[in-house]
Amino acid sequence: MESSVLLIMSFDRFVAICNPLRYTSILTSARVLQIGLAFALKNVLLILPFPVTLKRLRYCKKNLLSHSYCLHQDVMKLACSDNKFNAIYGLFVALSGILDITCIFLSYALILRAVLGIASQRERLKVLSTCVSHISAVLIFYVPVISLSVVSRFAKHSPPITKILMADIFLLVPPVMNPIIYCVKSQQIRNVILEKLCQKQK
């Protein structure tokens, strides 16, 4: 769901920068609602089979998870019965996430091309500064996800605490950091924070 939200936000930035005069006619309230509902439905339909397919598996006596929450791959490994379908379906869901990040990358490539076409360097920086918060949110979400996947796949002999910490970072860091990222960009909020800090120093 978060991956889809980041994709929708990148599309919003693309329209705002590459087609600013038609922004309100392209992204009407009704269209934004339709896009949001379509992505929400897509994600619910993608995730819904996970608990159903996990429930039909037969599990051994071992019930110790290697993460502090129920990660699909982790629960799947505890099964004694054939879990090939779960593995294939999990890969399919992961590929849909890769499609999201590919579209985000493509939208920023088009934004960069449009920005480089602006003659004034000051205007270029001004336009790019509107994307900083979103790019930071994308990095904060995808870097832990990719790192966790790499460690789970290639560092199988790493200490268990490494995987647990990385999984917890993936779970907790994005929701904690997102409000900070977007608040820092807001001039009014930034001024209030600086005012409070100055009062404490006095």
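Each Cβ is built from the backbone N, Cα and C atoms, and glycine gets one as well.
TrEMBL labels come from automatic prediction, so no person has curated them.
What TrEMBL records for 1-182 is domain 'G-protein coupled receptors family 1 profile'.
Here the transmembrane segment (32-54) has Cβ contacts under 8 Å with residues 1, 4-5, 7-8, 11, 72, 75-76, 79, 85-86, 89-90, 93, 96 of the same chain, all six or more residues outside its ends. According to TrEMBL, the feature transmembrane segment maps to 32-54 (among others).
Feature annotation from TrEMBL assigns transmembrane segment to 87-112 (among others). If one looks beyond the transmembrane segment (87-112) by at least 6 residues along the same chain, the residues whose Cβ comes under 8 Å of a Cβ in the stretch are 3-4, 6-7, 10-11, 13-14, 17-18, 46-47, 49-50, 53, 72-73, 76, 131, 135, 138, 142, 145, 149.
Annotation comment: TrEMBL describes 132-152 (among others) as transmembrane segment.
Listed by sequence, the residues of this chain that lie at least six past the ends of the transmembrane segment (164-182) yet keep a Cβ under 8 A from its Cβ atoms are 2, 66-69, 71, 133, 136-137, 140-141, 144-145, 147-148, 151. The transmembrane segment annotation in TrEMBL covers 164-182 (among others).
Away from its own ends, the transmembrane segment (132-152) comes close to residues 2-3, 6, 9-10, 13, 73, 94, 97, 101, 104, 108, 158, 162-163, 166-167, 169-170, 173-174, 177-178, 181-182, 184-185 of its chain (Cβ-Cβ under 8 Å, at least six residues beyond either end).
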